[in-house]
Amino acid sequence: MRDYAETIGFLGQWGRFQQIVFFSLVATIMPNGFGAFTLVFLTDTPSHHCLVSGINLTEDWRKSVIPIKEVDGKQELSRCSRYRLDVVRNLSAQGYIPGRDVNLTDLEEEGCVDGWSYSKDIYESTIVSEFDLVCTNQWKQPFTSTVFFVGGLLGSFLSGQLSDRYGRKPVLFAALALQTVFTFAQVFSGSWIMFLIILFINGLGQMSNFVAALVLGSEVLTGKVRVLYSSLGTCLGFAIGYMILPLLAYFLRDWKSLSLALSLPCVAYVPFWWLMPESPRWLLSRGRVEEAEAIIRTAAKWNKVQAPRIIFEDCGTEKMQTRSKEHYNVFDLLRQSSIRATTLILCFVLSTMIVGYYSLSFNTAQLHENPYISCFISAVVEIPAYISSWMALLYLPRRLSVILTLVFGAVPLYLIQLVPDDLSNLALALEMLGKYSITTGSSLMFAYTAELYPTVLRNTATGISNTVSRIGSCIAPLLLSLGMYYKYLPYIILGSLAVVAAFAALFLPESFKKPLPETIEQMQRRERMKCPCLTRNMTPVPMVPMDSSL
């Protein structure tokens with residue numbers, strides 16, 4: 001069978017059909033930009049202190065009933081304690097004046113037994129103020145984010161399995177439906193537990209949507225358009241959603257209103273079902289030749305070109321029919337040593353990229369005291385990174401690009417600890433340079449991963465590698481918390497991981513200017529450096545020259 005891209009070459013690369021697929025898929029990825037960082041606003045903790053109401057106190061005692069604590073060198077009202085109200089009430093009734101007649105430090109304190117009063121300077125409400133996730137329940141706030149990312153982790157795993165078995169298109173729209181329904185359902189959460197369950201299911205759709213859209217576009221589009229979509233297209237779709245989020249959050253400062261607003265746009269994707277095709281590559285891998293040809297003939301009509309009488313000449317052979325009946329799963333990624341080595345290295349490199357991306361993204365979100373500005377700045381920085389990724393995918397070998405982004409990401413993170421405290425702008429510039437490099441690497445890794453695996457395993461491999469990399473998003477908040485022990489420890493860990501990952505990337509196969517593999521045998525023939533620790537028992541595979549065209 002001829003190479004797929006060569007077979008459908010008569011369509012061209014950028015006709016009406018490809019344009020509709022390209023922009024439709026980019027649009028479906030925008031909700032991922034909403035969802036990935038919505039928790040920045042939904043789980044933010046407003047300023048708060050113990051609630052004091054319904055008692056008669058003098059003005060002086062009402063101002064003094066909350067103790068003053070020193071936090072990070074600043075004086076502020078205690079968030080989790082107050083002076084005992086029965087004692088304060090008696091002192092107020094007897095006419096004593098706090099600070100003059102009574103030494104406040106001698107008074108006994110109690111917890112916020114009547115609840116909390118939350119500032120509304122920034123937010124009308126968040127789930128923290130809604131469900132009182134403060135003080136003894138403060139652990140629930142970061143745990144909420146972790147549950148969402150665990151949902152994304154499981155979604156990455158399931159989407160790969162389901163998409164390889166049932167098709168790219170059904171899984172993509174099922175994931176969009178999950179996001180829409182359960183983002184809307186969050187509004188009706190009556191408790192933190194209920195919100196947590198709904199958020200977990202919402203997380204299932206997040207990465208499932210992204211993975212299915214990435215693979216579908218990679219298989220439908222060809223040549224430089226495929227590279228453009230896999231790198232710049234998908235990531236710009238994510239970034240646009242990311243940048244829209246703080247704008248919506250600025251005008252909708254109640255968490256329920258924000259959740260409702262983020263769920264409604266997804267309804268607009270319903271007509272896309274009739275615009276978007278199933279992947280012809282996937283249909284061919286399943287032996288459904290007539291359906292694949294029907295899609296290509298429709299594409300030819302849209303592009304106003306003449307399709308040949310028989311498009312996929314060799315797809316009816318016994319070899320193709322046998323292959324179409326074979327079922328592949330996650331264990332096929334580990335069964336053969338060459339594929340196992342590629343999978344393990346990719347998972348490690350991607351995990352390093354993702355933990356770096358989320359750690360630096362959440363950290364740079366604290367650049368400005370206004371969370372809306374912080375979030376917008378963090379989103380805008382990604383635009384040049386995605387453009388750089390696209391240029392690298394066009395003109396540089398994949399393996400070299402990955403190694404360079406990891407090294408250039410590690411160097412500024414190491415240098416931050418050498419910057420004097422009075423040069424905060426320089427430290428900020430180094431951190432943003434680190435994020436730029438890691439974001440560039442993360443972007444091109446999605447395209448690189450899809451290029452390495454054959455059609456029968458591509459979505460499973462993409463889903464598994466994304467699943468493992470989601471562990472990085474789960475541990476990113478914990479990694480940042482290590483800064484309380486040593487300010488620069490998170491930077492040192494991130495930089496060291498990047499260096500190790502750069503070395504591991506040396507042993508990945510190269511896919512630059514090579515056609516997408518259709519079978520496991522074609523994947524095994526690709527040239528690579530041998531990693532002794534992972535390929536000790538690998539049986540040599542004869543090298544067969546491959547077509548160097550895109």
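Numbering starts at 1 and runs along the chain as displayed.
Heads up, the Cβ atoms here are built off N, Cα and C, so glycines get one too.
Feature list (source: TrEMBL):
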- 87-513: domain 'Major facilitator superfamily (MFS) profile' (DOMAIN)
- 20-42: transmembrane segment (TRANSMEM)
- 142-159: transmembrane segment (TRANSMEM)
- 171-188: transmembrane segment (TRANSMEM)
- 194-216: transmembrane segment (TRANSMEM)
- 228-252: transmembrane segment (TRANSMEM)
- 258-276: transmembrane segment (TRANSMEM)
- 341-359: transmembrane segment (TRANSMEM)
- 371-393: transmembrane segment (TRANSMEM)
- 400-419: transmembrane segment (TRANSMEM)
- 488-508: transmembrane segment (TRANSMEM)
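Proximity of the transmembrane segment (371-393) to the transmembrane segment (20-42) is established through 3 or more Cβ-Cβ distances under 8 Å for residue pairs spaced 6 or more apart. In this chain, the transmembrane segment (171-188) lies close to the transmembrane segment (20-42): three or more C-beta pairs between them fall below 8 angstroms, excluding pairs fewer than 6 positions apart. Long-range contacts of the transmembrane segment (20-42) within its own chain (CB-CB distance under 8 A, at least 6 residues past either end) are made by residues 123, 126-127, 144-145, 148, 172, 176, 179, 183, 202-203, 206-207, 209-210, 213, 216-217, 220-221, 225, 228-229, 233-234, 236-246, 249, 255, 258-259, 262, 265-266, 269, 272, 275-277, 302, 361-362, 365, 371, 375, 379. Of the candidate ranges 142-159, 194-216, 228-252, 258-276, 341-359, 341-359 contributes the most Cβ pairs within a distance under 8 Å of the transmembrane segment (400-419). Averaged across the domain 'Major facilitator superfamily (MFS) profile' (87-513), pLDDT for the predicted model comes to 83.
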